[in-house]
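Novice: Next up is a structure, given as structure tokens.
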Amino acid sequence: MSRISKAEMSKLLSVYFIMGSNNCTKDPLQVLREALEGGITIFQFREKGEGALTGEERICFAKELQAICKEYGVPFIVNDDVELALELDADGVHVGQDDEGITSVREKMGDKIIGVSTHTIEEARWAIENGADYLGVGPIFPTSTKKDTKAVQGTKGLAHFREQGITIPIVGIGGISIENTASVIEAGADGISVISAISLAESAYESTKKLVEEVSKSL
């Protein structure tokens, strides 16, 4: 196995759905299935925060979600937890600046997909030099889903990464909705990542379809 190509990674980032059980008011397995039917291109398991599952329950839930992703041929990424990613033989892992360092993650994960959340050009360059396949840049807009977010960057912050010669695939993170998706792609992102825009939508399927359309129109 070799590392994923930049072109392939860029395509996978188009509509990136992030979810845990506590992000949904409906059955999370059904929400994921609808999102996959609607056209998400990659999925990240993020079981964190108030009411999140732990221990064996968390592992079982992750396996159920992973099995559904496999049915649709969509990569299954684990948020932060490298050990869980290895245990599940996940397609990759996404880490933040406060999580395990990228060099150690790359050693453990081999050629699997590694994404890194970055907020500055320095963080971005460090992540790229040490083996990141893509960057999560944000928060682009204010968000209530994640309580531990940094200052809002806006689309200008995202555009600044491209202006500074950062060419690695980038996914925009934070407060992204159907209405503002186009502006994120136009600022230089390869795709958008969302939690509540799909997980809390009246129809996860319809919401995903609209996000896919917005990204396609803007690329």
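Positions of Cβ are set from backbone N, Cα and C atoms, glycine also.
So Swiss-Prot says this about it:
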- GLN44, PHE45, ARG46, GLU47, LYS48, ASN79, SER117, LYS146: 4-amino-2-methyl-5-(diphosphooxymethyl)pyrimidine binding site (BINDING)
- ASP80, ASP99: Mg(2+) binding site (BINDING)
Novice: How big is the Cα-to-Cα gap, in Å, between GLN44 (4-amino-2-methyl-5-(diphosphooxymethyl)pyrimidine binding site) and ASP80 (Mg(2+) binding site)?
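Specialist: Each residue's Cα considered, GLN44 (4-amino-2-methyl-5-(diphosphooxymethyl)pyrimidine binding site) and ASP80 (Mg(2+) binding site) end up 10 Å apart.
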Novice: Taking the Cβ of each of the binding-site residues and counting other Cβ atoms inside 10 Å, which one has the highest number: ARG46, LYS48?
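Specialist: Per the Cβ count within 10 Å, the most buried is ARG46.
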Novice: Which whole-number value in Å describes the distance between the Cα atoms of GLU47 (4-amino-2-methyl-5-(diphosphooxymethyl)pyrimidine binding site) and ASP80 (Mg(2+) binding site)?
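Specialist: Spelling it out, the Cα of GLU47 (4-amino-2-methyl-5-(diphosphooxymethyl)pyrimidine binding site) and the Cα of ASP80 (Mg(2+) binding site) are 10 Å apart.
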Novice: Cα of SER117 (4-amino-2-methyl-5-(diphosphooxymethyl)pyrimidine binding site) to Cα of ASP80 (Mg(2+) binding site): how many Å, rounded?
Specialist: 10
Novice: Would you identify which of the binding-site residues GLU47, ASP80, ASP99 has the most other C-beta atoms lying within 10 angstroms of its C-beta?
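Specialist: Max Cβ neighbours within 10 Å, all protein chains included: GLU47.
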Novice: What does DSSP assign ASN79 (4-amino-2-methyl-5-(diphosphooxymethyl)pyrimidine binding site), in three states?
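Specialist: In three-state terms, ASN79 (4-amino-2-methyl-5-(diphosphooxymethyl)pyrimidine binding site) counts as strand.
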Novice: Among the binding-site residues GLN44, ASN79, SER117, whose Cβ has the fewest other Cβ atoms within 10 Å?
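Specialist: Least crowded of the binding-site residues GLN44, ASN79, SER117, by Cβ count within 10 Å, is ASN79.
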Novice: Work out the three-state DSSP category of SER117 (4-amino-2-methyl-5-(diphosphooxymethyl)pyrimidine binding site).
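Specialist: Reduced to three states, the DSSP call for SER117 (4-amino-2-methyl-5-(diphosphooxymethyl)pyrimidine binding site) is strand.
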